[in-house]
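For reference, TrEMBL has these:
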TRANSMEM  49-70  transmembrane segment
DOMAIN    53-515  domain 'Major facilitator superfamily associated'
TRANSMEM  82-105  transmembrane segment
TRANSMEM  117-137  transmembrane segment
TRANSMEM  256-281  transmembrane segment
TRANSMEM  301-318  transmembrane segment
TRANSMEM  330-352  transmembrane segment
TRANSMEM  373-396  transmembrane segment
TRANSMEM  408-428  transmembrane segment
TRANSMEM  440-459  transmembrane segment
TRANSMEM  465-486  transmembrane segment
Amino acid sequence: MPPTSNKMDRQPETFHFEENGSSVKNAEKKNKNQTISLYKGSKIAINKVFLPVKMALFCWFSGGKIYTAFLPVFMKNKGFTIAHLSIITAISVAFQLFGTVLSGIITDKIGRAKPVLNIYFAIFLLSSVCLVIMPNVNECNEETLNLQCYNEEMPHFTTASSCQTFKNNSEIFSCSITDLRNTSLNGDQKNCTYFPKLTNLDVNVDKNTLMNVEDMCHYKVNFKNYSAITSCVTKDCASLEMKCVNNNFSSCNTNVGLWMIIYGILISILNLSHTATYRLFDVVVVDLTTEHNNDFGRQRVWSILGSFCGPPLAGYILHQFAFNGNQKNYSLAFVCSIIFTVLSVASIWPVDAPSNKPAKKMWKKSLQFVRKLEVFLFIVLLLVAGSSFGFQAVYVSWYLQEIGASDLVIGVSRGINGLYGLPFLYSSKWWISRVGERKIFVLALLGHAIFCFSFSLMLEPWFSVVIEATSILNYHLFWVAVMQYVTKIAPDGLQATLKVMAGSLHFNIGRLISTMYLSWLSTTLHETSKERSRHLVEVAVLLGKEVKGLMLLFLE
């Protein structure tokens, strides 16, 4: 009898405990959501947990896209050529792949992505500040001028020479005299009384374009210390040859090789931190959406909005304020990138990111994982899709310009794909649940093939605005499906590593493949740009068909 009584006494307690637990969960869920009433009783619920995440994504993608958009012109302004930038970019790709994969492994080892993300934020900020304050790498070329004496308000000499003699486009150059001789006396300067006073004096060189004479400029040399020089009335002082070198450190650099190496190292570090931050943001946001049963695609909406807003805002600021003499100072664009990055750090800092168990036996799990057929097909998919994506990122604007597109058309064409993707990203959870990740992959490959083939046939540049609609499948929905698919198939302890690896394969290795292939076409086949594009399209379509067949087998 007593045991029965005890059992009956415990039942209400158990029921009461479950009821309290349920009420606590409902209260927590209610506290996380903020409901806002709209027109005619319509309401919208905002998850408080994701408000700072949305802000962080918006600010980071704004700052990151500013860096991507203005790095080439910034480097050109600093004195680099396209060849220099290409070499630095190619070297940094391998550095990025190794660094991002290592960061994924560290994330799995410690079970937390946010500390690693914060480290890369700090590296990006410090490297950006260093890049802004570093000097130009323009060489201080020694120039020779044969000058004729010219007397007016003060003694100065003039000459007419190629406009390339002083390559700087500003009107005034500061030089120091390294050698000076009297050409009319064949080296005998005895009759030129002020010759010793001219040695190693600083001069200003005024440059003016000659009327009706192509590529010829008029140079007028004024000695800064002209009070020590009398009029050059004697014929012995009427003709002088000077070898001048630009000594203005802000305009040229006497140690170009060393500074180019420093720039290469710094840009490689910047590219690594830039890429790793994108990949780790994916890891953090996917973990948060999985934990809170939210939609990853809806968070990506704020990434796309940030990509829209950042570069135009920086461009407007540059247009209004960033002029240094007659040259535009692109350092201000990096200041904008730094500000957006700081705002992103401040937004993500208070977010309580989920933690996982520290990974164990990662090598064993990795070997078992990569042996699966579906994993092999998934890697091939990422490489092919990434190669096509890299072709679009690198070559499409060039191709549009070749067929006569204006800057407006190019800008609208490259920017409109984000607008196409916004509604589909917002409803991506519904689309992927209805279609499935694997079928989205197949549709993405078809989207790439349609894009490339359509561009090869296009004669009117404005049609590119319509063709960009394929980005809905081959970029926006595709990447959401990739992140969700990796979450499903990756074993515990490899989640972060595989998410980072997927991004590296698609955005880094794929782009490198397409860039190398385009370089080979340009140097070996000597085709026109449209022929190169069509040749690449044939390869892209062929690969798309082959992988589509593999993916269909995979679906079966």
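A Cβ is built for glycine as well, from the same backbone N, Cα and C atoms used for every other residue.
Just so you know, TrEMBL annotations never went through curation; they're auto-generated.
Counting same-chain residues at least six beyond the ends of the transmembrane segment (117-137), those with a Cβ under 8 angstroms from any Cβ of the stretch are 67, 74, 78-80, 103, 249-253, 256, 259-260, 262-263, 266-267, 269-270, 272-274, 276-277, 280-281, 284, 331, 334-335, 337-338, 341-342, 344-345, 348-349. Panel annotation: around the transmembrane segment (301-318), residues 54-55, 57-66, 69-70, 328, 330, 332-333, 336-337, 340, 415, 418, 421-422, 425-426, 476 of the same chain, lying at least six beyond its termini, place a Cβ under 8 Å from a Cβ of the stretch. By the Cβ criterion (under 8 Å, sequence separation of 6 or more), the transmembrane segment (330-352) is not in contact with the transmembrane segment (82-105), since fewer than 3 such pairs are found.
Tallying C-beta pairs under 8 angstroms between the transmembrane segment (82-105) and each of 49-70, 256-281, 373-396 places 256-281 first. Same-chain residues lying 6+ beyond the ends of the transmembrane segment (49-70) with a Cβ under 8 Å from its Cβ atoms: 32, 128, 270, 274, 277-278, 281, 285, 288, 292, 294, 299-300, 302-307, 309-311, 313-315, 318, 330, 333-334, 336-341, 343-345, 347-348, 350-351.
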